[in-house]
Amino acid sequence: MDWQKITEKMCDFIQEKVKNSQSQGVVLGLSGGIDSALVATLCKRALKENVFAFLMPTQISNKTNLEDALRLCVDLNLEYKIIEIQSILDAFIKQSENTTLVSLGNFAARIRMSLLYDYSAMKNSLVIGTSNKSELLLGYGTIYGDLAYAFNPIGSLYKSEIYALAKYLNLHENFIKKTPSADLWENQTDEADLGFSYAKIDEGLKALETNDEKLLKILDPSLIAMLKNRMQKNAFKGKMPEILEI
């Protein structure tokens with residue numbers, strides 16, 4: 001892939017969305033992971049200024065992720081704000097009768113979304129998305145949480161391609177080497193949740209997307225079954241709410 005042209009196209013896309021909406025800039029959640037780090041880097045290249053980063057950890061958030069996110073803010077000279085959301089999460093736990101790790105993770109994602117949109121309104125800015133194509137196809141995200149945003153410059157890149165672009169743009173090796181994680185609970189990792197590495201997941205997703213029957217026959221049947229199940233079960237996450245026509 002021609003990463004120079006792709007980078008230019010992404011930066012043009014960001015500039016166009018901000019200009020056409022008559023916004024001042026963009027707001028994003030910076031987790032310390034590679035996806036949000038890449039989007040922050042692209043925003044800085046595209047806009048130069050008015051890129052606002054929110055770091056919103058809980059008490060179980062990986063401290064290394066916070067350190068990496070802070071370092072990136074300094075390196076890119078971003079305006080940023082740290083908001084500890086544990087107190088909000090604790091209030092939810094007190095009111096809920098049956099909290100699980102998944103429900104807590106989803107609620108944390110929706111807290112972050114609410115804070116981003118509140119700040120974006122205050123700053124007349126757009127919330128920018130950080131989900132990659134692998135996550136979007138699988139519905140691996142929280143509806144009205146991290147899947148809520150005005151636009152997304154990296155949603156056409158598979159996770160494996162995210163790494164390639166990050167290397168091209170010289171992102172710090174900490175982002176490239178760390179294990180992918182939504183950091184929803186302690187020691188949580190994407191690949192443990194999904195049951196396969198992103199390399200295998202992307203291979204399967206590409207085979208399904210292109211209907212490569214030859215490749216589909218030799219791939220792990222349990223991988224293909226998992227992908228199809230998640231794509232079907234979570235397809236609603238990528239659609240607007242249906243409205244009855246009368």
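We count from 1, first residue shown onward.
Any Cβ shown, glycine's included, is placed from N, Cα and C.
With G29, L30, S31, G32, G33, I34, D35, S36, K159, S181 listed by Swiss-Prot as binding ATP, the candidate from T7, T58, T130, T142 annotated for that site turns out to be T130. According to DSSP, G29 (ATP binding site) sits within a strand segment. In sequence order, L28, G29, S31, D35, S36, L38, V39, D146, Y149, N152, I154 constitute the residues six or more apart from T130 (ATP binding site) in its chain with CB-CB distances below 8 Å.
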